[in-house]
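What TrEMBL lists as signal peptide is 1-19. Under the heading domain 'Plant heme peroxidase family profile', TrEMBL lists 29-319. If you look up TrEMBL, you'll see 39-108, 114-315, 193-225 marked as disulfide bond. TrEMBL lists 65, 67, 69, 81 with the feature Ca(2+) 1 binding site. According to TrEMBL, the feature substrate binding site maps to 156. Taken from TrEMBL, the feature heme b binding site applies to 186. Marked as Ca(2+) 2 binding site by TrEMBL: 187, 238, 241, 246.
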């Protein structure tokens, strides 16, 4: 799975948070000032540790941020989402989250949720590699379980058809603009050979490469992604500016140089999504504006608030498992 698609783009690109939307407050009961009194340095602590991690390894920016349920390790009561098909071998950054959590527990014990750490880390890592800033609504609480079935069913896979991807987003209350804008998180991050090999050798079962893939780009990819072996060889999702958050992802799609099938279909399978691809390729500010709004939309999918869930002491374990 692509690093940033398994987990958003910086991101679980469409992390299945829970099932039904929260109504009332425009952010579902969440607001950016949630910790201003209970943990005034929370945002500063997260930003500082994310900055250190991204300075050490730019690719980490694509690995930070998704639903806190994916943080849970296997235990007697939990089957971890880390092993779900879309997330297997693609979720990274857990150690950074552990570091942030430890610093926050020292500063304000039992206050800041792992879910909010991820939401802040996704924003901070995006900004650090040149992307847009947005106010992160806060006040989420952590889930009391993980859903490996939900993770398998709800996170788009690299070979999903466009209707399937759109359906998965719509199931979470997101729309077509969210699909195309959040896919732009693939402007950074890497993907494994196994996620796109089919496009290089046998896209439709006739032993031919995907006809929507640029011929010279395909030849270049084949050098590092053979028919067999090299499954874990890594390739940038945006080969032009792999470490910079910009709109080259969309420009690459227009040139037939999108890496994953789930990227290229945004241009080739729907006039509605193709129009957005062209608009974002032409106007980076429009892309940034829509991406920031879509990240807020995604972060507002059925958050646990109030007395629901818990504030985990360790992001890898439920408090009852300590």
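Easy rule for this one: first residue shown is 1, then count along the chain.
Positions of Cβ are set from backbone N, Cα and C atoms, glycine also.
Sequence features annotated in TrEMBL and their locations in the structure.
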residue: 39; record: disulfide bond; Cβ contacts under 8 Å, 6 or more apart: 104, 107, 108, 111, 112
residue: 187; record: Ca(2+) 2 binding site; Cβ contacts under 8 Å, 6 or more apart: 131, 237, 238, 241, 244, 245, 246, 247, 248, 249
residue: 193; record: disulfide bond; Cβ contacts under 8 Å, 6 or more apart: 224, 225, 230, 231, 232, 233, 234, 235
Q.
For the C-alpha pair, I'd like the distance in angstrom between residue 315 (disulfide bond) and residue 156 (substrate binding site), rounded off.
A. 24
Q. Which one of these disulfide-bonded residues has the most other Cβ atoms within 10 Å of its own Cβ: 108, 114, 225, 315?
A. 114
Q: Pop the Cα-Cα gap between residue 114 (disulfide bond) and residue 186 (heme b binding site) into the table, whole Å please.
A: 24
(Q) Quick check: with 187, 238, 241, 246 left out, which same-chain residues have Cβ atoms within 8 Å of the centroid of the Ca(2+) 2 site Cβ atoms? (A) 188, 240, 242, 244, 245, 247, 248, 249
Q: For the domain 'Plant heme peroxidase family profile' (29-319), provide the mean pLDDT of the predicted model.
A: 87
